[in-house]
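**Student:** Here TrEMBL flags A:36-57, A:63-86, A:115-138, A:145-163, A:183-203, A:224-242, A:257-276, A:307-328, A:340-358, A:365-384, A:390-407 as transmembrane segment.
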Ligand SMILES: Nc1ncnc2c1ncn2[C@@H]1O[C@H](COP(=O)(O)OP(=O)(O)OP(=O)(O)O)[C@@H](O)[C@H]1O
Ligand SMILES: [Mg+2]
């Protein structure tokens, strides 16, 4: 390898061992690349504060609520991250989820379709919406801000039309309801947990072995052990806590287990992370977000990448819409409206995805989604009204965007950009 | 060195709308040699390079690659022939690392998945073959590199693909003394490794330091292509500024070449 150093440059990037890893992480944070740090610190501070002020925040039932309340936002944020990585924005993602939820509800109730056909119809709607938005941005060259702002208005109207000017369509299908309101049996929860941790560890170890087998720098065993350990610990705690009895009267009705939506969100997290980190398509998303002209000269079809990012965004919004419908057991003109989009953008940005493009991970959606869910939930417990919640969440989004802009400046100052 | 040029261009015309920028330009590049392409601002150097690279279409002219006629109508086709261009503005992605940049758009895959290990090894080997010793880690983000290091990455990217002709558009324009020397050394090494190199530069010292031949463009016409050893500094400057120097160059500026 070409690893000889220039005089005056400290070794950090690839000195092996856990010390080197920590040092390079500290150097990155100092250089302005904070990654997940603000979200994790924020989560710790918020959770501690709410736990002290309102002990009920720590109850088993409230812990489960956090997951079901944060799921839809996180799903929509996951899709948004693809668009944000390109330096674009989709302001219509919230109402896209609403429109798709309405398609789900209408096809199931008025047309009597089975749940799977309705889900397919809802997702297809999302994909088509994404394709149209993407084509307008990429082919016609209309700024995404304008295209999706227009779509934001139009979809609000479309949603009204679909639900017949303000009706509330009840969802009765048990499968759809189950997503947010039923739970994985505790034993199955543990089995899924063990299998996931084992697979994660195996993937990490196999990759490190392969790399060192070929004489390349690999993650040291201690680093892998720490990663697997953290996952095992956090996952184990979550499964344990979600498997506690939540019902006031367990004899009448037992309420325990991981909400079904959780494994769905995690599966999508793994899937999209794989696409973004391990495939050429994902690499090209980052490239277009980093320097579209360089990507074009490298032979990447920039237009196609743009369109597919919007398709993924709206497609994930449709899944988010299905979860919203399940959560409320109904669809009405406000489904996916008001705060949903802002929360989703906020989740992505709080998690560490940059609004300037080129930087972000799918995991950010979960971390940021957790922060948003905790704020919402905690402030609800404190008895604050919706107005205060809106203001606080708006401020948090502004804060996250400010941190994003500042860290970019800092990176520029330290020569990292 | 070798008698037959790897790349030869004859009678190239190029207009933007009503304005003809290049007139009947001829240029050849030989394996193992550095050909310096010089000319005043606006002489048409970058335009000529973009025509060779397939970014611009040409109005008339012939391309001979290793003696046989070819057409280049897109950057992809130029790359397939083994012609790589390092543009003035580099075209690297700051948010990707060195390996990712070198393979951008041509990633190695095993099945669906990126084959990071192979790419890393190939990149390391290429940098080694160019005796590049200035980067700490090839997994460093490009945003953390200096101007000279970026230029190095861009050049390494160009030679990664068994390229035959590498064209560099003012690679040292933005660099300090030490880094300029590094990059020029690298340019020389490319030629010594058997590539045909075309180097655009405004700096006469650089041109005389590394080039084997000099091609001087004057107002879109090829004033002369000569061996570096056969001319002096001031002759080249004259060719650049007035299109002729003694019996070298354009004998009447309205057209016919010497
Ligand atoms: N896309 C274009 N459309 C119209 N005219 C152009 C275009 N690109 C270049 N030109 C013109 O062609 C001429 C040659 O430009 P070119 O960029 O090739 O010069 P150059 O020799 O590279 O100059 P420099 O040394 O400043 O880089 C200039 O007069 C320029 O204005
Ligand atoms: Mg130029």
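The backbone N, Cα and C atoms fix where each Cβ goes, and this holds for glycine too.
Where the annotation comes from TrEMBL, it is an automatic prediction and has not been curated.
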**Student:** Within the same chain, where does the transmembrane segment (A:63-86) have neighbours whose Cβ lies under 8 angstroms from its own Cβ atoms, ignoring anything closer than 6 residues to its ends? I mean 6 or more beyond.
**Tutor:** 93-94, 97, 144, 180-181, 241-242, 246, 258-259, 261-262, 264-265, 268-269, 272, 276, 285-286, 288-289, 305-306, 309-310, 312-317, 319-321, 323-324, 327, 340-341, 343-345, 347-349, 351, 353-355, 357-362, 364-366, 368-370, 372-374, 376-377
**Student:** Pairs 6 or more apart in sequence, C-beta under 8 angstroms, 3 or more of them: is that satisfied by the transmembrane segment (A:36-57) and the transmembrane segment (A:340-358)?
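**Tutor:** In this chain the transmembrane segment (A:36-57) contacts the transmembrane segment (A:340-358) - 3 or more Cβ pairs sit under 8 Å.
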**Student:** By a Cβ-Cβ criterion of under 8 Å, what residues six or more beyond either terminus of the transmembrane segment (A:183-203) are in contact with it?
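**Tutor:** Same-chain contacts beyond the flanks: 224, 228, 231-232, 235-236, 239, 242-243, 255-260, 262-263, 266.
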**Student:** Okay, the transmembrane segment (A:115-138) and the transmembrane segment (A:307-328): do they have at least three CB pairs under 8 Å, pairs separated by 6 or more?
**Tutor:** yes
**Student:** Let me check one thing: do the transmembrane segment (A:340-358) and the transmembrane segment (A:257-276) come into contact, meaning three or more Cβ pairs under 8 Å with sequence separation of at least 6?
**Tutor:** no
**Student:** Cβ pairs under 8 Å only, please: of the recorded stretches A:115-138, A:257-276, A:365-384, A:390-407, which one is richest in them relative to the transmembrane segment (A:145-163)?
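**Tutor:** The listed stretch sharing the most Cβ pairs with the transmembrane segment (A:145-163) is A:115-138.
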**Student:** Do any residues, 6 or more residues outside the transmembrane segment (A:115-138), come within under 8 Å Cβ-to-Cβ of it, and if so which ones?
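**Tutor:** Beyond its ends, the transmembrane segment (A:115-138) has Cβ neighbours at 88, 90, 92, 96-97, 99-101, 103-105, 107-108, 144, 147-148, 151, 155, 173, 175-176, 302-304, 306-319, 321-322.
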